[in-house]
Each structure stands twice: as C-alpha cells, then as structure tokens.
Amino acid sequence: MIDDDGYRPNVGIVICNRQGQVMWARRYGQHSWQFPQGGINPGESAEQAMYRELFEEVGLSRKDVRILASTRNWLRYKLPKRLVRWDTKPVCIGQKQKWFLLQLIGNDADINMQTSSTPEFDGWRWVSYWYPVRQVVSFKRDVYRRVMKEFASVTMSLAESAPKPQNAPAYRRKRG
C-alpha cells in the first residue's frame, strides 16, 4: 500500500526499559542496527500494525509492553535512489511512519527474534537513549532525531525514577 506521494505507511517502535535505555536490534545477517519497524496492512490501524510487528520482529505481545506515547504526526524519510525499486508499480520512494514508545514490562527473556521463518533481526542490546540517532543509517537519521526528541521527556522521567541496572549483559544473541 503506497500513498499518492510514493510513501509506504509504516510503524516504528522504540522499546525502553525501566532505566530509560532503548532496545537496539541488529538486522539479520548484517552489520546495521535499527529500531523495529514495519508496514501497515490495508484495513489495519497503526496501533494494530505496531502490535503485529512487535510480535513478528521481537516476539513481544501486548502483555509484555505498555504504550507510553506515539508521535503526533507522520514522519517521512526518502530512500536513497539506489534502494528504490523503479520497476515496481506504484514506485515506493520512502516510508511515512507513525512511531510508538513502549516500555517493556515483561522480562528481557521474553524477547525472541525467532518468531518467523525469515527473522528481521538476529541480535539486540540495550543502549543509551540518544545512541541510535548517531548510529542509524544516514537516510533515517532525521526521523530518528525527531522521534527521540518527541519521546525524550517521557523516557527521561522513567529513567529518573528507576533503580540503576546491575551487571546487565551488553549484547544478546537470538534465542533458539
């Protein structure tokens, strides 16, 4: 489903823990990292798509998370010309995204990257709140900056009230 301007409707998901860190996931078989995201199917609301993508990509369900916020507006990024599939109709030139900030209320062990035969991610870790803005692929950087600015006050208030983590592992491989 591509809109008239060539953008695919999509949801993005920022998952935070009680310390205000965010989940940073490594794309399957690659060296690139990003937040979970995925397309909105016809007839599906952004929230429904978010829960579907949440399970498909990281194995979490409604009971494992709490919605803290969502972006007020759709945020867009254009794909680099080399990534546009010019031979498909309609041509998708980028994504327009509704973002959700979720708090993990379950355990780290509930995260499972192997819920599909074609997983999106093969590893993940908790990182400091602003880390993804500097590390994401360049064409998504402006959207990430805007998302993180919009969600910052909510996440920072969580971090201020949370106990500090004890000896948390820095990186986790896929379960399976």
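Cβ atoms are placed via backbone N, Cα and C, with glycine included.
Ranges compared are 38-59, 104-125, and Swiss-Prot records motif 'Nudix box' for 38-59. Helix first, then strand, then coil: DSSP counts for the motif 'Nudix box' (38-59) stand at 13 helix, 2 strand, 7 coil.
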